[in-house]
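*Asks:* Below you'll find the structure I mean.
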């Protein structure tokens, strides 16, 4: 039985919200290269890709602080040093995304959902300046009507503000929505928003199995959401989706737009 059949018997969700890094794309090679360039420029030893793989998931500022600390706990890192290091990292990371790849099954799944008329959004803790160009480079940006970066709103995951925002903008309730991610932050945000959550086992999650975070469902291939797509005789052969008409234009949510809806969103503000 497919993931959708288990989570939404007899129907499909009307809205699917996705995380980005560790869910749709493997960006760690580029992130690790930027982290190592940053550390070398500061006279430090490089961290290496495996360490960076365990540090990602909470946004660039936290990644940089973990790199400076050499581990998950970054409480001892000096704020001034971290701010300077972040500037160095952002410049290094913005220079290249050549090592980033889309995970197997992602394009097939997005294409299938688009064909079924399911609305899709992207909610990531990655700084918004990198998100749209990266999606375009990976050729998957056209599938998302709402794109929210980690610095778009005042809050980022695990706060559910972005999920509430997208559901408000789409007019689709939590009961007909789904969040797909790979980390504890994703699961906590989905639970706080009252949304079912699919956890992907191949993601990052700081080196811990995603099942430990108790998402609604755990899968190891995004195509397992789709009824019958991974049956022995099944094969997805969908044509490329047409560009969205102007009435369904992609919305890259910016800080200016956020200020216009802050009053509507405030009543959903999550308090830990």
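Placement of Cβ uses the backbone N, Cα and C atoms for every residue, glycine included.
Feature list, courtesy of Swiss-Prot:
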| type | residues | note |
| --- | --- | --- |
| ACT_SITE | 19 | active site, nucleophile |
| BINDING | 19, 21, 182 | Mg(2+) binding site |
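Distances, neighbours, how buried they are, the whole picture for these features please.
*Replies:* Cβ neighbour count for residue 19 (active site, nucleophile): 28 (other Cβ atoms within 10 Å of its Cβ, all protein chains included).
The secondary structure of residue 182 (Mg(2+) binding site), as reduced to three states from DSSP, is coil rather than helix or strand.
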*Asks:* Reduce the DSSP letter at residue 21 (Mg(2+) binding site) to three states and note it down.
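*Replies:* Where residue 21 (Mg(2+) binding site) sits, the three-state DSSP reduction gives strand.
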*Asks:* Counting all other Cβ atoms within 10 Å across every protein chain shown, which of the binding-site residues 21, 182 scores highest?
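*Replies:* It comes out as 182.
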*Asks:* For the recorded Mg(2+) site, whose residues are 19, 21, 182, find every other residue on that chain with a C-beta no more than 8 angstroms from the centre of their C-beta atoms, and list them by sequence position.
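*Replies:* Here the nearby residues are 20, 22, 23, 24, 57, 124, 181, 183, 186, 200, 203, 204.
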*Asks:* Rounded to a whole number, how many Å is the Cα of residue 19 (active site, nucleophile) away from the Cα of residue 182 (Mg(2+) binding site)?
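*Replies:* If we compare the Cα positions of residue 19 (active site, nucleophile) and residue 182 (Mg(2+) binding site), the gap is 8 Å.
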